[in-house]
């Protein structure tokens, strides 16, 4: 169970200092500690429209984000408040309150546009807050939406036409919620009641015509319809008599307009119930560290004069996380091998079987923690590191076996060596006595368990080192005839040749086992990669089908409204999505 992060109040995430956007390191520390998936709700709107009040309500607090009580905008840059999600256990709600747009004292439309774009890029639900009704003035104030293609890139290498790039916006843009404060109209058309959502859709209807006025009317509406196919609207009555509005957060509930209280409750309930976890392309859920990386990547891009690019942000994040995934996988492998392996192992195959089990688990850890591993670069690194660690364990195993056998030989054959020095076998019949004793000790050595894979080789080398002793005893033993000595020499040669042959077979067997293990390792990498790619492909297809359904829905609306040309333009986006879905075939080229 991941620990909860519950900030007592908001803190600055991105400062707007002298026209420069600067990330607050303390806020990044908070984000880096949030291991839970995050639901990110951002609110944007003109200054002094009561954005902060709604965000405090979402946090379940009366105070928090600064409301201010004058015509001056209080919030500067983007402020963040992280609280446990009240309706989704094991999730963190991240609320982003933004600097009021259109502040006359600030007079910086450039920064307003960047704050608007950042709020969209960072959130899973984007709330646009405005006063009164949705009229042309309200649409004109929302001109930032028409500038999104000049502020955001979906891909690092889009086509020649920026509109082609913007066609991908839908796949990672947030849900759009328009909140209308101090709304005084009756929600009805031709005497029939309508919902706030109906009112929004009616307000987004296009005007026929190709003149400049029609274009100005249609452009923001088209952008909202194109970029935010999932949209919602809430209207709010006056919260209280005008004289109390400056101190809204201090009012008791009974002093507020009951309709306003009900409307705020409905808004909060919807946002908390329907706002999704922030995701990256392919449905990858965002947690605190991932959100931290997105903030840094986007703000750094803006500061360096580039456009924030979703693809670049994801790839930068993938580099960080995939590198960490390799480290996690290797740590898991070493932990498992440390627990399971007792050196020396009786056979090489015993060690390789333990390696294979630990390797399989390590690859699983990597697959679970990695994403967007372009050309399987990090999986290749993992494979190389696992192979190096396997070889290291093999070396350790050989050394442990050699050390064990050398100590055992000293223990078993030490007394025999002492007898040789004392001349015990330097007498007639001594050679026979020596070879008999040697065979007894060899049998004793063979019977000792868990000597490891070097047992035969260490014994062979030891016996070879004592051949001069045996030969001297043979040649000086007066009880043996020259013929018997010659026969014994030939027997020793044959025995040595047989031992060498067996050693060669043993080495060949080890090489075959290593080659077989390498093939099994490769197949395990391929198997798990194929399964992951299939899961990713299914996720991407589901995401594209969802986007396609929303595009088709919008196309149908345009046709019903009689805007055939706009429908045809949208058809290109639809074809692009359909072609991409067809091309989503798993490709597996690794190692």
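Quick reminder: no glycine exception, Cβ is built from N, Cα and C everywhere.
In this structure, residue 47 (GTP binding site) belongs to neither helix nor strand by DSSP; it is coil. Around residue 47 (GTP binding site), taking its Cβ as the centre, 21 other Cβ atoms fall within 10 Å, counting all chains. Annotation comment: Swiss-Prot describes 45, 46, 47, 48, 49, 50, 51, 52, 181, 182, 245 as GTP binding site, evidence class similarity to another entry.
The feature domain 'GB1/RHD3-type G' is assigned by Swiss-Prot to 35-276, with sequence analysis given as support.
As annotated by Swiss-Prot, S-geranylgeranyl cysteine applies to 588, with the evidence given as experimental evidence.
Positions annotated as cysteine methyl ester by Swiss-Prot, on the basis of a curator's inference: 588.
Annotated region 'GTPase domain (Globular)' per Swiss-Prot: 1-309, in sequence order.
Its own atom aside, the Cβ of residue 45 (GTP binding site) has 24 Cβ atoms within 10 angstroms in the protein chains shown. When other Cβ atoms within 10 Å of the Cβ of residue 51 (GTP binding site) are tallied across all protein chains shown, the result is 28. Looking only at the domain 'GB1/RHD3-type G' (35-276), the predicted model's pLDDT averages out at 85. Summarising the environment of residue 181 (GTP binding site), the number of other Cβ atoms within 10 Å of its Cβ, over all protein chains shown, is 22.
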